[in-house]
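Colleague: I have a structure here, written as structure tokens, and I will follow up with some questions on it.
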Amino acid sequence: MQFSKMHGLGNDFMVVDAVTQNVYFSPELIRRLADRHLGVGFDQLLVVEPPYDPELDFHYRIFNADGSEVAQCGNGARCFARFVRLKGLTNKRDIRVSTQTGRMVLSVTDDDLVCVNMGEPNFDPQTVPFRATKEEKTYIMRAAEHTVLCGVVSMGNPHCVLQVDDVKTAKVELLGPVLEGHERFPERANIGFMQIVSREHIKLRVYERGAGETQACGSGACAAVAVGIQQELLSEEVHVELPGGSLHIRWKGPGSPLFMTGPATHVYDGFIHL
């Protein structure tokens, strides 16, 4: 099986073309491939499939390192767009894809950045899903004997965003896994720790569902900005500084889609016998 290794700001992926190859990934195989000592090693596996709708170009599937399939990965979406052009699967600059839960448009810019229309953030607890009696801008939660205030949003996948004074000293290792598997998140969640530098600049660390803390999380950056704008703490355009690099997020507010722009890097191509 041929594959490519790619990353978006250090969030690394194994990308596989299932348009021209016949492939099947069991959870066990994905876990074996994800092992950084015994396999290829990655945060997520991205699979390019033929479209289910003639109006679309591809179907985009995402699997975490633990073998679970998820509906959204923003950094992966940028790498997906770069991959299909590099491999000659399309020469379009605006690439329309379906995911497990919806549709996306991935646009490759002249300077080889990728702008992703992530759709409109959804704060409805039932959609996230998040157990709450009504929609709030801020929720109070108990985790690891701490009381935390957080915002909750779906970017096609569930996110919980906490505001912290300093991302360097944030209790990511303590609170991340506890909140990820909290009973109020029936499908688990990605946990963002956001430090607001100014209305146009935040620093962010993300503990990803099924992967742990990563160098960058695109949908997590989108979620943090969406929550910050909802809470009237951030402007419409925000520079998001992650451990692996920076993203530009733009959202005009309710009724509008959110856009994420950033790089996608091809590292190497490989072949593995399964």
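Any Cβ shown, glycine's included, is placed from N, Cα and C.
Feature list, courtesy of Swiss-Prot:
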- Asn11, Gln44, Asn64, Gly74, Asn75, Asn157, Asn190, Glu208, Arg209, Gly218, Ser219: substrate binding site (BINDING)
- Cys73: active site, proton donor (ACT_SITE)
- Cys217: active site, proton acceptor (ACT_SITE)
- Tyr268: site 'Important for dimerization' (SITE)
Colleague: Reported as an integer number of Å, what is the Cα distance between Cys217 (active site, proton acceptor) and Asn75 (substrate binding site)?
Modeller: 6
Colleague: Which of Asn11, Asn64, Asn75, Asn190, Ser219 has the fewest nearby Cβ atoms, counting only those within 10 Å, among these binding-site residues?
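Modeller: Fewest other Cβ atoms within 10 Å, among the binding-site residues Asn11, Asn64, Asn75, Asn190, Ser219, is found for Asn64.
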Colleague: For Arg209 (substrate binding site), list the number of other Cβ atoms lying within 10 Å of its Cβ atom.
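Modeller: 25, counting other Cβ atoms within 10 Å of Arg209 (substrate binding site).
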Colleague: Return only the integer: C-alpha distance in Å from Asn75 (substrate binding site) to Tyr268 (site 'Important for dimerization').
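Modeller: The Cα atom of Asn75 (substrate binding site) is 17 Å away from the Cα atom of Tyr268 (site 'Important for dimerization').
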Colleague: Grab the substrate binding residues from the record (Asn11, Gln44, Asn64, Gly74, Asn75, Asn157, Asn190, Glu208, Arg209, Gly218, Ser219) and give me their largest CA-CA distance in Å.
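Modeller: Binding-site diameter by Cα atoms for substrate: 17 Å.
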Colleague: Return one of helix, strand or coil for Asn64 (substrate binding site), based on DSSP.
Modeller: strand
Colleague: Do me a favour and check the Cα-Cα span between Arg209 (substrate binding site) and Cys73 (active site, proton donor); whole Å is fine.
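Modeller: With the alpha carbons as reference points, the distance is 11 Å.
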Colleague: Between Tyr268 (site 'Important for dimerization') and Ser219 (substrate binding site), find the distance joining the two CA atoms and give it rounded to the nearest Å.
Modeller: 24
Colleague: Can you tell me whether DSSP puts Asn11 (substrate binding site) in helix, strand or coil?
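Modeller: Where Asn11 (substrate binding site) sits, the three-state DSSP reduction gives strand.
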Colleague: Near the Cβ of Tyr268 (site 'Important for dimerization'), how many other Cβ atoms are there if near means within 10 Å?
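Modeller: Result for Tyr268 (site 'Important for dimerization'): 8 other Cβ atoms within 10 Å.
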